[in-house]
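Worksheet for the structure shown next.
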């Protein structure tokens, strides 16, 4: 899973950042963006993207990534910002902001197929989290952070099973919306299955 990084290092790049997001599709909660920079000669220890891992495996790798990464940067995009810009624009804007706010001076960003502003030196990769261990690491960080946020929201909104469906468009979630109405963390620009006048 490090062929992309190996190729870029052979071309003379010294510092590569991987960036990814979690929470593009849910009806509620934030979009979480994470970027990760590993030392140049870090041996890959992630062999699949976050979707192919159990929650326990993600939690383990979350800690391991923190142990080995040179820098990790996390951006939380609230549902109000998603409603304001639209999910695709919000992802693009806040990914760019995340990369610009990194403390390290990096050479190129690997992105899981999001085209960023041309002023940012980046390489959009189809299924990037499956072929780049740096993107895969960012994917795991974003997913774990978002899941933890949604578990906390379960305490705040006990009528919603945010600890289980994490805000995604499940049958259970739609039933909860129908019964209890929408919460302040629901994305009003998404189809919530209710008329909100």
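Every residue, even glycine, has its Cβ placed from backbone N, Cα and C.
Residues near residue 112 (divalent metal cation binding site) in space but far in sequence (CB under 8 A, at least 6 apart, same chain), listed by position: 19, 20, 21, 124, 125, 127, 128, 129, 135, 139. The feature divalent metal cation binding site is assigned by Swiss-Prot to 20, 21, 112, with sequence analysis given as support.
Residues annotated as domain 'RNase H type-2' in Swiss-Prot, with sequence analysis given as evidence: 14-197.
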*When the pLDDT values for the domain 'RNase H type-2' (14-197) are averaged, what is the result?*
95
_Shell list (divalent metal cation; ref centroid = CB of 20, 21, 112; cutoff 8 A)_ = 19, 22, 33, 34, 95, 111, 114, 128, 129, 135, 138, 139, 142
_Residue, out of the binding-site residues 20, 21, whose Cβ gathers the largest set of other Cβ atoms within 10 Å_ = 20
